[in-house]
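S.K.: Residues or ranges marked as active site, proton donor by TrEMBL: 55. Marked as substrate binding site by TrEMBL: 118. Taken from TrEMBL, the feature domain 'NADP-dependent oxidoreductase' covers 16-190. Residues or ranges marked as site 'Lowers pKa of active site Tyr' by TrEMBL: 85.
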């Protein structure tokens, strides 16, 4: 499978199409199922894998990649591109580095290729917090400058490149106004996932996309994906 790629500021090539490891239940799927899925994805040609602390799939992804190296599916960890994200409870100065260290430990690797701020908002950390649980009354404005400065400190170490996720143009412009190292990417969720509590498949029912797909002999999904661009500075 030939996958188009783009070279980030880190110098490493990032496949534009990756294999996501979020599940509809966000972490309530057995690790073994995620591991098998990743191994099948490697066989299919995927070399970019996306995870996040909130997905609770970092450890399963790490196990799969380690097994793939041992079994010769891939020559080394460097053959794959791994993206991860820290959750809003860690979107505070002083909590970014510990979150990144935990991610790297879960993945059984020395670094992540791309580390992202999952959402442009923070939440007060709570004792016994679980996964992607959001408590509205505990949401607070993010200290973006403080968080981004801490991200920049890890740019050449545990994270080869840093970026954001789900940022609006205005929020991205704000980060760019003070960033010494600009975000390598803005990963945006288009919420077209069927069977998940946070999205639906309405985009697949678009009459415009259906017409384009029919005229070009493609699927609606292929047409939609072709419209997605990556922010790379």
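Note that Cβ sites are derived from N, Cα and C of the backbone, with glycine treated the same way.
In terms of burial and nearby residues, how do these features look in this structure?
M.R.: Listed in sequence order, 52, 53, 54, 85, 86, 87, 88, 91, 165, 166 are the same-chain residues six or more apart from residue 118 (substrate binding site) with CB atoms under 8 A from its CB.
Here the domain 'NADP-dependent oxidoreductase' (16-190) returns a mean pLDDT of 92 for the predicted model.
Neighbours of residue 85 (site 'Lowers pKa of active site Tyr'), defined as other CB atoms within 10 A of its CB across all chains, total 26.
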